[in-house]
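**Student:** I have a structure I would like to understand better, so I am pasting it below and will then ask my questions one at a time.
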Amino acid sequence: MSEIGSYHDTIFALSSGRLPSGVAVIRISGPKTRFVYETICQAIPEPRHAALLTFRSRNGDAIDRGLTLFFPAPHSFTGEDCAEFHLHGGKAVVEKMLAVLGELPGCRIAEAGEFTRRAFANGKMDLTIAEGLADLIAAETEGQRRLAMQVASGNQRKLYSEWRQRLINARAFIEAELDFADESDVPGSVSMQVWQQLSALKHEIEHHIASGKRAAMLRDGLHVVIVGAPNAGKSSLLNFLAGRDVAIISKEAGTTRDLLEVKLDLGGIPVYVTDTAGLRETDSVVEKIGIERARARMAEADLVLSLEDMSGPVSVTVEKIEAETWLIGTKADLGGSASGLWKYHISTMTGSGLEQLLDALQAFAEAKIGQIEDAVPTRQRHINLLRATIEEIEKAIEGDDLPLELRAENMRLASQFLGRITGDVDVEEILDVIFSQFCIGK
């Protein structure tokens, strides 16, 4: 991808959904946008007003007739001259329009995320807002949408910029003490006040990092694993939760040999539920592999549902894992004893207990996520840089035996780490990673 600041090409791409569709939107950005209008529409429409025009190839043939909007620089998404062409969403129409645009000098198809990258390069957004937009596009549940909107609205940027300014101000006091210690207008030692302020900032960042775990769960989803002996009803429960036949149900033991996963939306929280191979001793090589995978998935789970057939002999055994485990008695319609052993009793034949279990799963997910604050770290990149910030702050606070010059340098490094989160300093090496997450038309 082009280096920041060297965007001389005009880029274009289909920014709407898959074809065919009712309407297709082609987006354009760059210095040749006005030339594109003059060539294809023989006119430049009034800025920010929809105009109904005929779009033509260079030889004058009509391609389509539709709406177009012109957004002159710098007041556009990318900060460059931008345009949108709204066409009928037929494949032939869109392909012809893209082909005509590609023939124009200085115009080329956009790379993934290039519109957003240009917006970043032109100061229209910082990296956290760009990441929030990527999450908003990828959001599949209401909770994910709300979290992405908080980030895309700039809440993170405001918080990190405020913290960075506090570090810069604190460093300025230390350097003033170094440079003007003999001047009368510099208070006596301000160091103690600075270290107290940095200690308070450190605690704020630590609390902020702790909230990131919940945000990560909301962004990436909670993981629930169903385990139990063969024929305990694991696949039947998965099919109920999925609302469709995902797993094969059979009286033959060992039918499920690999992991089967479905995604649920429980109160706006994404929850991934995995059915696993029945846990038992077996000589089957394939089944052993399935059991090993089941145990590996259990180790990564947020919650394990351990199922046992209530109608048979009671032999409840729970695998030793860190995740919270619920004992679920199945086939409740067939009766059984020792009902106090199980947290829930269910029957996929009659539906008994299933809605109660589903409600409990949603309550578990909501309790795990909790109340998401206005600004939370949503990427591991953020958390790593925040931890690096804390490390430098700690060095500054605890360096009583160090010269003030070195402690001021720790403060400078801390502010740099915060600046890397928003993209204010030294982030070129991660830009390709971030913007490659977008689709071509964004």
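Residue numbering: from 1, along the chain as shown.
Each Cβ is built from the backbone N, Cα and C atoms, and glycine gets one as well.
I grabbed these lines from Swiss-Prot:
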type    : residues                     : note
BINDING : Arg27, Glu84, Lys124, Lys442 : (6S)-5-formyl-5,6,7,8-tetrahydrofolate binding site
DOMAIN  : 221-366                      : domain 'TrmE-type G'
BINDING : 231-236, 250-256, 275-278    : GTP binding site
BINDING : Ser235, Thr256               : Mg(2+) binding site
**Student:** Between Arg27 ((6S)-5-formyl-5,6,7,8-tetrahydrofolate binding site) and Ala277 (GTP binding site), what C-alpha distance do you get in Å?
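**Tutor:** Per the Cα atoms, Arg27 ((6S)-5-formyl-5,6,7,8-tetrahydrofolate binding site) and Ala277 (GTP binding site) stand 49 Å apart.
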**Student:** Measure from the Cβ of Lys124 ((6S)-5-formyl-5,6,7,8-tetrahydrofolate binding site) and count the other Cβ atoms within 10 Å, all protein chains considered.
**Tutor:** 18
**Student:** Report, in whole Å, the straight Cα-to-Cα distance of Glu84 ((6S)-5-formyl-5,6,7,8-tetrahydrofolate binding site) from Asn231 (GTP binding site).
**Tutor:** 57
**Student:** Ranked by the number of other Cβ atoms within 10 Å of their own Cβ, which of the binding-site residues Arg27, Lys234 ranks first?
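**Tutor:** Most Cβ neighbours within 10 Å: Lys234.
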**Student:** Would you mind checking how many other C-beta atoms are within 10 angstroms of the C-beta on Ala277 (GTP binding site)?
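**Tutor:** Around Ala277 (GTP binding site), other Cβ atoms within 10 Å: 27.
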